[in-house]
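In TrEMBL this protein carries:
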- 22-182: domain 'Thioredoxin' (DOMAIN)
- Cys60-Cys64: disulfide bond (DISULFID)
- Cys60, Cys64, His147: Cu cation binding site (BINDING)
Amino acid sequence: MLGMLAGCGQGGGGFAPNGADLSPMARGMDFYLYDTEGAPRPLRSFRGKALVLFFGFTHCPDVCPTTLARAAQVKRKLGADAAQVQFAFATLDPQRDKPNVLRTYVKAFDPDFIGLTGSEGDIRVAAGNLKVSYAKVPMGPTYTIDHSTRSFLFDREGQLRVGLAHEQSVDSVVHDIRQVLALK
């Protein structure tokens, strides 16, 4: 199946990401979230830069911090190309991840990373558009959130291009970002 997806919609133009080619599902996608300063950040607000977007929550004990740590390594490895990429972390837990908490969390990994939030409805729509699955799971007096682990790579025009697996190496993600940056 992955081999079939890799050939879709690229016209043989040399686009060969290591992650899942999600270009066929990308047309007309948008989301409306807010950054930690309260500014509206629809998908179109990132145009001009590639966007790496991950959905998670600040109380996540494993996948979220390792994904953001890998993103920081990817950014360093991109060198000068990093100026053409925005890394963003969208919370799935707006109840606990207030803007100041979210900002502190993402900035601990890299000062240029941004946090995105919104109402539970806004987040549900954004996550749903990307087929991100998540569910609140009670744990005694508190809760955790089970969620999918894929990051999403959008091109400079805001088109979804690649699903980055949590297991992808830094070099593999750098390759995929450079593939997207090379698209015209």
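Every residue gets a Cβ built from N, Cα and C, even glycine.
Annotations in TrEMBL come from automatic prediction, not curation.
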Cys60, Cys64 as disulfide-bonded residues, winner by CB count within 10 A:
Cys64
Taking the Cβ of His147 (Cu cation binding site) as the centre, count every other Cβ atom within 10 Å, in any protein chain shown.
21
Does DSSP give Cys64 (disulfide bond) helix, strand or coil?
helix
Give the three-state DSSP assignment (helix, strand or coil) for His147 (Cu cation binding site).
strand
Between Cys64 (disulfide bond) and His147 (Cu cation binding site), what is the CA-CA distance rounded to a whole number of Å?
10
Integer Cα-Cα distance in angstrom, Cys60 (disulfide bond) to His147 (Cu cation binding site):
10
